[in-house]
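A short write-up of the structure that comes next.
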Amino acid sequence: MILSDCFHEEEENEAPVKAKRIKPDAGEEEEVVYHPVKLSRNDLYRPPTAEELNQLKEAESLFHCSLLKMQGIIVCVYVQCLTHLLDQLSFQKVSDLSWLSGTVKVPFLLLPKITKGKFHMAPPASIDLIGSYPLGTCTKPHVMVDLAVTIPADVLHPKDVVNQRYPRKRALYLAGLAQYLTSSSDIGTMRYSCLHGNRLRPVLLLTPPDKNSSSFTVRVHACPPPGFFKPSRFHPQRNNIRTEWYTGLQTSHSGKIPPTPHYNSSVLGDLLPRAHLQFLSAISSQCSAFADGVALLKVWLRQRELNQGTGCFNGFLASMLMAYLLTTHRISNTMTAYQLLRNSLNFLEFHSAFQVVFVDPSGHLNMCADMTACTYMQLQHEASVSMQFWDNPTVDGFHSLLMTPKPMIRTSDHVFQLCELVKLQSSCKKLNLLSELMDHSGNYIHTALPFILSLLQQGLDQRIQLLTHSLSPDPEWSVESEAPKYKAQPPLSFGLLFRPELAASVLERGPPADSPKAAEFRQLWGLRSELRRFQDGAITEAVLWDGESMCQKRLVPKQIITHLLQLHADIPESCVRYVGAMVDDVIKSGSEVPSTGEEKSLAVVQSYDDLSRKLWRLEGLPLSITAVQGAHPALRYTQVFPPKPLKMDYSFFDKEKTCRSLVPKEGKPCPAYITPITVICHMEGSGKWPNDRLAIRHIRAAFHIQLGELLRKHHKYTCRPCPTHLDVWKDGLVFRIQVAYHREPQVLRESVNPEGLLVVRDNEEAQALEMATIHKPLLTSTLHGLQQQHPCFGAVCRLAKRWLGAQLFTPLLRFNHVGFLRFLHLLSSFDWKNNPLVVNLNNQLIAADYTEIKNGFMASRESLPVMFIATPKDKKLSMWTRRAPNVQMLQRVMMVAAESLKVLEQQLMDGNQIQDVKVVMRPPLEVYDAVIHLNPKQVPLLSQAVDPPSVTFSRGVMTGSAAQSGGSLPVIDYNPVSLYLAELREAFGDLALFFCDPYGGTVIAVLWKPKAFSPVPFKTSQVSARSVKVTGDEANTVPNVEAILEDFQIMGKGLVKSVEARTEKWSF
């Protein structure tokens, strides 16, 4: 089967149902007052009768709910009233548009302005219900009731198929109907639109005047009488638009007359809606689940934005597809709606077509003539992905397939837009598309689109898996306005789904110089193509694109797209708005060669691998090393700003002689922050290890000293041993080695009670040690492997963490999953209260594990964290979210995530937005009770801020490559902001919550805890930061806010610039 164009939409193309006509009542009926009927207990609870059961079944299967059935009654009454109005339309003869009032316009672009033929207005020959409503397959939220109004035969002429005569008469007839209905009180608003964006098929949209105006819309189609035009006139190879008429120029008749298949199918589509409805009604009567199956397929299409606009796969095509599968016995009449949907998606997944052709039962109409091959390929891709979800027992298929929207911005790796669509007129001229332009009746956008898609497919080639494009929305405008110009539609959006291994390649290698295909390659790429000699000795045509860092290479497709559009379609680069990497700016660093951190992360990993190998080879240790594991986010590619190898400026520091460390000079800005990269070094088990916790710490400290001496002796590294770790200065980076003994957590849990019995009890200290030495290294290795499989994981994860930090949520959330837009959608829409979030790392979990996690979660919900995340190694506890967030903060995070998602998608897809995409990274400070402003000079990570200041400070770092290992040890892990924040939480954590962006934030937001300001009885042990209030015989204490704010300033002397008290927000 092949898919293609021209057909009525879901609602219109199905078969006629005669609307009953109502005679006006002779007089008004008496007002009837209804009183409630009292039922006995037996009557109230008696079993339903057979008639009542049938009514319930009808409401469930046909109308899906009783509310929709009630709405159906309202629709029928409204359609009957409308039919009665149109029957009273008076006959009037006209030869021009003077009979139209000045307010009502004709819904048609008259290009060219003049055509032959005469027209007069007359009452419709018949009015029929068509489309999905009589079939029972319409779906909410937009219920559309299609009404076919038959144009009388004497208004038309058999030759009206030529030169747009029929489409113009059709538009004139709709304008006449609109003018007549403007005087009726039964009509609410009236607007024009186009059927699936086809300007040759305008429709009239009517809404009721009362409270039901938003519940449904009546769409009026003007159609010719059945059989008025011969179907043979609309063969795809026939011409019905004369070149002389369209261009106004005389041409020789010796040339070949170009066919007009799109125009032909547009007109032919108006001839067949009644026949199509009869066909679908017959199919529906044979399959009880047909209506529900079509409704599910329509919901699936709507969630993927495939059901609206020009060339869409609309509900009518969905109905016809399911009918085709039933008539060809690919699906059975006894299947359920779910089975019908599954088999329809399965058919779409595996059915391939080079042309999009779907022929209707008459054999004349290609119902998908306006659909591009890219749209059909997108439909197949979505069907394939849906089938994978459906076949995965660990995924909630219903929610994923039918309840989750998938807009282009969330499903494509990169998106770009073509703005100033009027430029496509010059594209049609350069591509020599006059015949196609006539076929599309002057719509230069739809004319050029297939050729642009073909050009991009050829240029991007193996770099992409899928190329998609937005479907032009159906325009709507008032009946008092002229039809909008083609250029008035929104920009065309294109989505790219990449092959990760090829997308960022800077080299486009072509055929050998002596190959016949070399000329074709040069013609495609123009002057960018040049001969190059490669290491294997081959001399071939090649194109080399610009790009040094990974973030620049990710934009190679942008270079390809802009070059091809400029060269072949005359579309300047200024008309291309590339959305692919706009959000990357918040994690970008570097001035000469901008980078989003991939190169830095790789340098850290390579330096760590070298240190790991040297640790393994160390000799002279009393116990051998059993494992060396990284436990730092940079080693799993998720550090927002990976550590950069530094070269210290020694003039900035004083040297501390005893331990060869650098100390900042007095009055200097805070030195650059150097993060220690944690490395866990596991030592072998032995009977020499003591069972006393203090003795184990001493042994570990001794290992730190000996490791430092060996590294200094053999590799000349500068080392500083401490009781808890060993700092190693290597390649301009600091590695913090921590020796671990596998039994130490167990020793921390053991204690001896007064009776001399050994008691094992879990505690915070043991959990923290396990987290640091076992779980974090395991997480690091797992996510490192995930980064190798999915190269975008690290960058997307760092974007998500940057957003959390910018919105002051970092202390509340500590997880590294999913990507940014989908991360925001997941965070804001997931049902955290009733479901665990299962992260199936390395696909280690099977269906039974999911069931076990779900059952355990439901059984212990009250005692589990509010945000429960399960992994293969953590099915029951959710250790990563055990302490944070709480219920209130999770609700706040979900609310901010939902708003950020909405704003960001709008920013990315709407080029007219005033603000930049960083708006989602700027937190609203109005909701906080106090704001502590910090001195930028003492904020070491100031350059990482969302909006870094233009003034920079020297922080003791020199430009250029990092120094070799050795030399004095720099200031390590010194961030006065985080230290000050820790002191505030320790001193005032019972009174307030403190929030700060850890990546260069210059404010600390303070939120008072409401319960902290309740008066408590006076106690001498609880007077810190409190004032005493005596009322009668009672002495109570309340927080002394003024003193607390003063303490904020005193504790942060030199760091705090000012404290802003927003007293209007306080309510104690």
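These residue numbers are counts, starting from 1, taken along the chain as shown.
Using the three backbone atoms N, Cα and C, a Cβ is placed for every residue, glycine included.
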Range annotated as region 'Disordered' - as stated in TrEMBL, picked from 1-20, 21-40, 181-200, 681-700:
1-20
Which of 289-348, 410-569, 925-1059 has the most Cβ pairs closer than 8 Å to the domain 'Nrap protein' (584-788)?
925-1059
Recorded stretch that, among 145-285, 410-569, 817-923, 925-1059, has the most CB pairs under 8 Å to the domain 'Nrap protein' (349-404):
145-285
Does the domain 'Nrap protein' (145-285) come close to the domain 'Nrap protein' (410-569), meaning at least 3 CB pairs under 8 Å for residues 6 or more apart?
yes
Could you put numbers on the helix, strand and coil content of the domain 'Nrap protein' (925-1059), residue by residue per DSSP?
40 helix, 37 strand, 58 coil
On average, what pLDDT score does this prediction assign to the domain 'Nrap protein' (410-569)?
90
Number of helical, extended and coil residues in the domain 'Nrap protein' (145-285), per DSSP:
61 helix, 29 strand, 51 coil
